[in-house]
Amino acid sequence: MASSFPSTRSSHQSTRDFISTFLSKAQKAFQDARFASSSIPNLERTTAEHHLYNLNAIKNALPSLSSPYITEDDIQQCHSFLDPVINELQLFLSSSPKSQRPTPSVSRNGIRGRPSYQLDLGRMIELHNMGNSWESIGDAFGVDRTTIWRHLERAGLSTKRPDYTEISNDDLDDAIAVLVVAHPLTGARVMQGHLQGLGINVPLLRVEKSLKRVDYVGTVLRWNGMNRRRVYRVRGSNALWHHDGNEKLKPWGFYVHGCVDGYSRLFIYLVCSNNKRSATVAACFMEAVSRYGWPSRMRGDFGTENNEVERRMNARWGALHRAYLRGKSLNNIRMERGWRDVRKESLEFFRQIFMELEELGLLDPNNPIHLVCLYVVFQPRIQTSLDRAIISWNRHKMSTAGNKTPLAMYELSRTKAINAGYWTGDPGDAVEEIDDEYGVDGTSGLAPPDDELASDPIAPRSDSFGSKEEEREAGIFVTEDDHIAEAREVLKELDLEADDGNWAT
C-alpha cells in the first residue's frame, strides 16, 4: 500500500529489531485507525478516543527513534501519514453532539446522599446479548460502564453473555448440512445467524470450519465473490429506509418486495407477492411502520410501485422535509446490497427449481393454469424462506460494524434515541443535510446486474392503469388475483404447506 511506514536499514541487529517491531505495530495501529475513521460520523466515541490515543502515542515516540537506521525524513514521512487521521479523529470528537447523551432517571427515596439511577437492566442485558458493548450501551442510557456493572452486581446479575451451546462437531455439521441445502451460497457469518435462529450459539470459527467440512465448494465460491465494503452516513436507526422490488422470479409470477434500514442494515421486510402494484408495496410499508415506527425518509427508484409510499411519506412529514428520495437503482445500493444476499439465501434456490421443472417438461410458463398452481404451492414456501433469511441476516455479525449484528445496531440506536427524546419525533437528519447524495453509497461496485439496469426507469410515472391488460403489459403482474383465489378455493381441502418429504426445512 502507498501509505506505509519506512523500513529500517541494516546495522546493529538488536536496535534494528526493536525499531522494526515498533514500526510494524505502528503500521497496524495506523491502518486500524484509518479504517475506523472512514466510518465517521457513525463511529463510536470510545472507539475514536482509543485510536486517537494510539496515534498520538506513536507520534510522540517517533523522535526518540532517530538513529542511523531511521532518518528525520523517515520520521516526517510517518507524520505525513499520521496527521490527517489524527486531525480527522480530533475534529470528530470535538464536534460530536455530546448534548444528545441521554439523562438517566433517578430515584429519590428520602435517603440522604446522591440519588440512585433507575436503569432498565433487562433492556441493557438484552442489548448486550445482541453483541453491543457495555460502553456503547452506557452511552445510549447516559451512564458509564462501571455504573451498569455496579447495578448488575447489586441485582445479582452477570455481566457476561450466555455461554456457547455444547454441541459436537458431528451434530453441528448435521445442522449446517441441512441449512446449506436451502441456502447453498451462505457465508459463515450469515450461517451463524441461521444457527442462532435455531437456538444454537457457537463461535464463528467453528461455523467456518464446519462449512469447510460440509460445503467446501461453496466456501471457495464465496471467497472468490467477496467485495469491498463501503462507508455510509446517516443519523441512526429509522433515519433512512431503502426499499425496492426484486423480479428474479417474475417469469413464474412471483414478485418480492424488500426494505432495509440504512443505518443498521436491518431487513425491515421481505414479502413475496403476485404483483408490484403501488397499493401492495404501500401495504408492506405500512405494516412495517406499525412495527418499527415511521422512518424519517425513504429512498427508492422511479418504479410506479413506489408512488403510494412516496405519497404517504409526504403526507406524514410534509413536502419541505424531503421525505422521499427517488433516483436510479445505482443510487439505492444499500438495498441492492441486500438483494445480493437475498438472492443467495433464498431466491436463487427457487429459480433453479423452476428452471429444472421447465427442462423436465413439467412446467410451461406460458400456461396460466401451470402458473396459478405453481403460485399457490410455492408462494408460502418462498415466504418462509424469506422470513428465515431475515432472521439469519439480522442476527449475523458484520466485520465492518465491530462484529455487531444489524439487530444489535438497530436496537442500540433506537434505545439511545428513545432515551435522548427524539425517537417519537424525527429520528432523521436535519433537512439542511439532505441532498441528492444522501443515503448513496460512494462507489458502484455492487451495482445491479446489467439486465436490471437496462429496464431501470429514469423518471416517475403514473401508477394508474385503464385495465388489467394494461397492467399486465406494464409488467405489474403475471398471474391474476382472481385466478389465485379460485385455485385456493378449489384446493382448500389440501394442506398446500405440508412437507411431502422432498423439501428441505
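For all residues, glycine too, the Cβ spot is worked out from N, Cα and C.
Unlike curated entries, TrEMBL annotations are predicted automatically.
Taken verbatim from TrEMBL:
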REGION    94-114  region 'Disordered'
COMPBIAS  94-108  compositional bias 'Polar residues'
DOMAIN    232-414  domain 'Integrase catalytic'
REGION    432-475  region 'Disordered'
COMPBIAS  466-475  compositional bias 'Basic and acidic residues'
Contacting positions for the compositional bias 'Basic and acidic residues' (466-475) when only residues 6+ beyond its ends and CB under 8 Å are counted: 247, 250, 275-277, 304
Model confidence over the domain 'Integrase catalytic' (232-414), averaged pLDDT: 91
The compositional bias 'Basic and acidic residues' (466-475) - residue tally per DSSP class, helix then strand then coil: 6 helix, 0 strand, 4 coil
